[in-house]
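For reference, the structure discussed in these notes is given below.
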Amino acid sequence: MMSISNNSFAAIAAMFSLLLIFSSMQCHAQLSSTFYDRTCPNALNTIRTSVRQAVSRERRMAASLIRLHFHDCFVQGCDASILLDETPTIVSEKTALPNLGSVRGYGIIEDAKRELEETCPGIVSCADILAVAARDASTLVGGPSWAVKLGRRDPTTASHTLADTDLPGPFDPLNRLISSFACKGLSTRDMVALSGAHSIGQAQCFLFRDRIYGNGTDIDAGFASTRRRQCPKEDQNGNLAPLDLVTPNQLDNNYFKNLRQRKGLLQSDQVLLSGGSTNDIVSEYSNSPRAFASDFAAAMIRMGDISPLTGQNGIIRTVCGSLN
């Protein structure tokens, strides 16, 4: 049996460590904000144009695009699996309970994809379009910008089951919200910052009916009375109400000010200020627009890092709703 000297063993161990480091660097280097600079240099402008046109037509679409990215990333990672339509071999995430009848913006992503396929066929993934669209939506309604890391690829599968189980819900208690985000590698601070996206957008009546009729101590009586006008005790489940009455079309820190006044629309909003570990973060963001904007941008970047398909994994779908 051949013997290995201590020096040789040390050299082999050092080489192995370098290979591990290099492999790790390669993995992390696969997503880059400059990924399309050479292969499709106008990609970001093309996406931004589609998003700008959509938001100019309907301001609420900004919230929908951010939410679409979020609902994608929490199921199988940020891979655009949420965009796949139902087929004999695919059970679409679109029909899962958290998405059905509420998630919007699919057509905006398809519009951008169609434009990109004309100028850079087979280059830009639907997953990257979705990530960029969320960033552009934020900036178009006064929210922060950030450098989107690119290079994701698209899957050939979706998971209706995970869409039903992995997405945080509007009735979740604080500990469940924290654990849902932790399972995706996101901190409690990330969770609170990302919840600030509820500074824009609207919610359906059935999602907050129990809260406004429950006479709880965690809701302002005048606020509850106002919301009852458009949300009766029965029927009209789809009636919409802005998540933030004060600046409903502006991505700002007013959401956190609302929580301090017991004016969070959803139970999962108000629970962030319920005497738990998130109280101090809510207070900080309500006092500092800059802190919220900075942390929201950082959290969106981290969310975009959830389990992307890169390299030889996945495909580049020609149409985001179907397989090639």
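Every residue gets a Cβ built from N, Cα and C, even glycine.
Remember, it's a predicted structure, so these values are computed and weren't measured experimentally.
The annotation active site, proton acceptor is assigned in TrEMBL to HIS71.
What TrEMBL records for ASP72, VAL75, GLY77, ASP79, SER81, GLU93 is Ca(2+) 1 binding site. There are 19 other Cβ atoms within 10 Å of the Cβ belonging to GLY77 (Ca(2+) 1 binding site).
Per TrEMBL, the feature heme b binding site maps to HIS198. Neighbour density for HIS198 (heme b binding site): within 10 A of its CB lie 26 other CB atoms from the protein chains shown.
Taken from TrEMBL, the feature domain 'Plant heme peroxidase family profile' applies to 30-324.
Annotated signal peptide per TrEMBL: 1-29, in sequence order.
Look at TrEMBL and you will find ARG67 tagged as site 'Transition state stabilizer'. Residues near ARG67 (site 'Transition state stabilizer') in space but far in sequence (CB under 8 A, at least 6 apart, same chain), listed by position: VAL103, GLY105, ALA197, GLY201.
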Other than ASP72, VAL75, GLY77, ASP79, SER81, GLU93, which residues of the same chain sit close to Ca(2+) 1? List them in sequence order, counting a residue when its Cβ is within 8 Å of the Cβ centroid of the site.
HIS71, CYS73, PHE74, GLN76, CYS78, ALA80, ILE82, PRO155, ALA158, SER159, LEU162, ALA163
Ordered by sequence, the long-range same-chain Cβ contacts of VAL75 (Ca(2+) 1 binding site) under 8 Å (at least 6 apart) are SER81, ILE82, GLU93, ALA158, SER159, LEU162, ALA163, ASP166, LEU167
HIS198 (heme b binding site) versus recorded positions HIS71, ASP72, GLY77, ASP79 - nearest by Cα
HIS71
For the C-alpha pair, I'd like the distance in angstrom between HIS71 (active site, proton acceptor) and GLY77 (Ca(2+) 1 binding site), rounded off.
9
Give me the long-range Cβ neighbours of ASP72 (Ca(2+) 1 binding site): same chain, 6+ apart, Cβ under 8 Å, in sequence order.
CYS78, ASP79, ALA80, SER81, ILE82, LEU83, ALA127, LEU130
